[in-house]
Amino acid sequence: HRKRKSYRFETCTGEESWVDSRTVYIGHKVPPPGTEAYIPQRFPDNRVVSSKYTFWNFIPKNLFEQFRRIANFYFLIIFLVQLIIDTPTSPMTSGLPLFFVITVTAIKQGYEDWIRHKADNAVNQCPVHVIQHGKVVRKQSQKLQVGDIVQVKEDETFPCDLILLSTSREDGTCFVTTASLDGESSHKTYYAVQDTKAFNTAEEVDTLHATIECEQPQPDLYKPLGSENLLLRGATLKNTEYIHAVAIYTGMETKMALNYQSKSQKRSAVEKSMNAYLIVYLGILISKALINTVLKYVWQANPNLLIRAFTDFLAFMVLFNYIIPVSMYVTVEMQKFLGSYFILWDDDMFDEELGEGPLVNTSDLNEELGQVEYVFTDKTGTLTENNMELRECCVDGNVYVFVCRISVQTCMCVSHQEREELFFRALCLCHTVQVKEEETVDGIKRGIHQGKSTSFYISSSPDEVALVEGMKRLGFTYLRLKDSHMEILNREDEMERFELLEVLNFDSVRRRMSVIVKSSSGEYYLFCKGADSSIFPRVVSGKVEQVRARVEHNAVEGLRTLCVAYKKLTHEEYDQTCRLLNSAKLALQDRDKKLAEAYDVIEKDFILLGATAVEDRLQDKAADTIESLHKAGMKVWVLTGDKMETAAATCYASKLFHRNTQILELTTKRTEEQSLHDVLFDLSRTVLRQHGSMTRDIFSGLSGDYQDYGLIIAGATLSAVLKPTQDVTNNGGNYKEIFLEICRNCSAVLCCRMAPLQKAQIVKLIKASKEHPITLAIGDGANDVSMILEAHVGIEGRQAARNSDYAITKFKHLKKMLLVHGHYYYIRIAELVQYFFYKNVCFIFPQFLYQFFCGFSQQPLYDTCLFLHQCQSLFAFFNISLFQMFGNWTFGTLVFTVLVFTVTLKLALDTHYWTWINHFVIWGSLLFYVIFSLLWGGIIWPFLNYQRMYYVFMQMLSSGPAWLSIILLIIVSLLPDVVKKVLKFNVCACVNCLTTGLTRVMLCLSLIFPFKL
């Protein structure tokens, strides 16, 4: 054990270019002096920082971020202008509101960051078991360093990225769940390094002298990691007593931290438009100030004072500056934050079976839910339940159909019994299923009965569990993996042992997996199972046509199909295979490419055994949800990796396609018969035949005879469409534009055989189209993360909350989230933003008109305190007789009183649903204004005998004409809104009555005249 070894692991697939590597000394055992060149490397500690601020940089950093907003920066400039030059209003009119907004926002962001600090401290101070000098000691997680040997026990979370050295299991495996990383709650199998898996105790591990050479940290979380020994921070150890592992990436260099940092901030369309509106209103403000400045000097006939004119221009800018709503941003943020709880409080979106409800990760996109035009959904686990059950096996034409968990054998031939048993053994051996001998496994309710004890199958793929459970019903029971031997029980209740030599894991490119086993008689077998498209081209014998026909039949029925094949290996062939695999596994550069080449050489010349069909049932109310989304005008696309026939059957079952839908295919089979250019133009002419170049959206509701189109496209064809065309002729055009034109005229699109990256490319293509529609992507696993991050709104399964904006438990909840919550969110935010601009414009417009009566002297109409109180406002007409009847401040108070009452009552008219909160805020605002005016005028509190406004409000109320003016102006101002509401209500009622009457007349006529009207 004292002999020093050097192990090389590639822990992350990098780019094609070479990435500098790092050398990790296990247990910090550096080489003895003089043995070799030793250059110490510095690595960060294991501290995780998700907070934005520190105690020292909070104020400057937060101020910098807030003043990047146009409104805040604008009011800062106005405040500085008021301090520098003589302006008609006090600097407090801009300074105090700005200070309030900045303070409230800083408190909100500071509180959120304090929560992040607490979470960081909880993680950083979590105890971790580290092996030092042959003993297990405890230290804080933040003090963990690269090279430390860590002991992790069952149900504990990995504190950093680790390389697995040994486990408590004799075969050197452990089981891990990665729900916090990718939302997948299934158990994944990881393997200890072959040369270190025998080091089981702390004393033995401490004697290990070895180095690890690996890449520098990469934020590559979702592609294959390149090593089955790499355990990621955030994953949890399951069904394994303990493991020993060495830290290679710590702190902010872990893949989890790097991946979190790379997520971009999404902003809603409303938020983006707010800045545009602010610029428009800034232009209105500048034009008002410019008009008043020009008119002032025209009226005074003194055009030579250029510098003074500029000063007056700035003064008018200050006087009218409240046309820009300073508090709008903070109000919108609070509205979004509080509004997000409506989703959390919705009992209809709570799943009683799982005991979980929806989750809102960001409140910034609430209103975006009500504007979605395209919905991109995964199939497996999203539209379907991802609860697999074996329905059929086909072995050389012999079919086993499973009905109510009972196998019904048809076409059985005794002479084929040996081939059938080999097929059953292949499915019992070619998998990564593990057996848990307990009553419950993390709440997973899948299991089989073996004698008196209850055991459960655990796997990263529910398909594998369904296949192994199905084999048990056919008499072949997988028992366990013990001492690198897989044990199965055959029909005669005899135990068979196969030594597991190699596992060629499944990946989305090969779409197959293989195992190499050695029987007790010394024979070597390579069993392989995978998609028909990846198995049939590698088969050299077997009843291919019979099996292919059965596979196609099951695919049309919507079942998930797999083909099973095998070949025997000689001892020399096995040795050659081992050398090829080891060479590829130890490669640091282009490791994935070399592994793929090795798999391609090994997995060929198969003998076909048969095929399986697994059912994945459609989720409850999934069809109703898709139909409702269609009726709401949304287009639903299904993006899946399944084969075309299986995915198409699911689309028909979920009502994405209807029986009268004309299916258009853009598949590899068709492009082999015609060129891609010809296929695209044929499809384009088909969908545009009725309406020329006009899209289907214009005509979808005008004609009941409109032909409904559905498009099916394969992943390989999509790659050709997205690839820049090399031979574009004069009539060729751009393939992307033609493809988009076809899609726009189809009611639904199915993309099958899709890789994860292609899903994101589809979403990006639609986002970048000329209409710039709002997109939503919904999925349930790691293969959907790319499209979820690409879409405007991302929704994922409840446990996959890390990558999504929202999380729901079932697909049916999407209906209420979009059509109810999203609709109301958009109405609320739209009315809020419009109301803000509306009241501010109307508040400033009387001030603008007032300048015509005061000779453009920049005399303010309202008192400074009323500027600060300005929470509601509306333009109210006034005339010169009122101005002559009252003094300047009394007249300004009268106008402001009319504004406050009119705007508040306008808000009451626009309220759709009344609660006690509405009553309290609306009527309380009016009461507060009256009490505040009495207080500020020195009536209630004489100490506030402010000279300019002292007793002004009381003087106004003591005047009969003032009361008459206030009442009349409020009535006149609100009269158009009242008339509009009355007319709208009556027109809607008349239309409903007319529709009902016409329906009854037609019904009566159809009864009297029994012929088609």
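The chain as shown is numbered from 1 upward.
Note: Cβ is positioned from N, Cα and C throughout, glycine not excepted.
Since we're looking at a predicted model, the values are computed, not measured.
Some features that TrEMBL has for this protein:
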{"type": "ACT_SITE", "residues": "Asp378", "note": "active site, 4-aspartylphosphate intermediate"}
{"type": "BINDING", "residues": "Asp378, Thr380, Asp780, Asp784", "note": "Mg(2+) binding site"}
{"type": "BINDING", "residues": "Asp378, Lys379, Thr380, Glu464, Phe506, Lys529, Arg560, Thr640, Gly641, Asp642, Arg753, Lys759, Asn783, Asp784", "note": "ATP binding site"}
{"type": "DOMAIN", "residues": "41-94", "note": "domain 'P-type ATPase N-terminal'"}
{"type": "DOMAIN", "residues": "127-256", "note": "domain 'P-type ATPase A'"}
{"type": "DOMAIN", "residues": "801-883", "note": "domain 'P-type ATPase C-terminal'"}
{"type": "DOMAIN", "residues": "884-986", "note": "domain 'P-type ATPase C-terminal'"}
{"type": "TRANSMEM", "residues": "67-85", "note": "transmembrane segment"}
{"type": "TRANSMEM", "residues": "276-299", "note": "transmembrane segment"}
{"type": "TRANSMEM", "residues": "305-324", "note": "transmembrane segment"}
{"type": "TRANSMEM", "residues": "889-909", "note": "transmembrane segment"}
{"type": "TRANSMEM", "residues": "921-944", "note": "transmembrane segment"}
{"type": "TRANSMEM", "residues": "950-975", "note": "transmembrane segment"}
{"type": "TRANSMEM", "residues": "987-1009", "note": "transmembrane segment"}
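Shown on the structure are the features that TrEMBL records.
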residue	record	Cβ within 10 Å
Asp378	active site, 4-aspartylphosphate intermediate	26
Thr380	Mg(2+) binding site	24
Phe506	ATP binding site	19
Arg560	ATP binding site	22
Gly641	ATP binding site	21
Arg753	ATP binding site	22
Asp780	Mg(2+) binding site	26
Asp784	Mg(2+) binding site	32
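Note: the stretches the transmembrane segment (305-324) and the transmembrane segment (889-909) are not in contact (fewer than 3 CB pairs below 8 A, sequence gap of 6 or more).
Counting only same-chain residues 6+ beyond the ends of the transmembrane segment (67-85), those with a CB under 8 A from a CB of the stretch are 91, 93-95, 97-98, 101-102, 275, 278-279, 282, 311, 314-315, 317-318, 321, 324-326, 328-329. In terms of Cα spacing, the binding-site residues Phe506, Gly641, Arg753 that come within 10 Å of Thr380 (Mg(2+) binding site) are Gly641. For the domain 'P-type ATPase N-terminal' (41-94), the predicted model reports an average pLDDT of 81. For Asp780 (Mg(2+) binding site), the nearest neighbour among the recorded positions Asp378, Phe506, Arg560, Gly641, Arg753, judged by Cα separation, is Asp378. It is 20 Å from the Cα atom of Asp378 (active site, 4-aspartylphosphate intermediate) to that of Phe506 (ATP binding site). Separating the Cα atoms of Asp784 (Mg(2+) binding site) and Phe506 (ATP binding site) is a whole-number distance of 17 Å. Within the domain 'P-type ATPase A' (127-256), the DSSP-based counts of helix, strand and coil residues read 17 helix, 58 strand, 55 coil.
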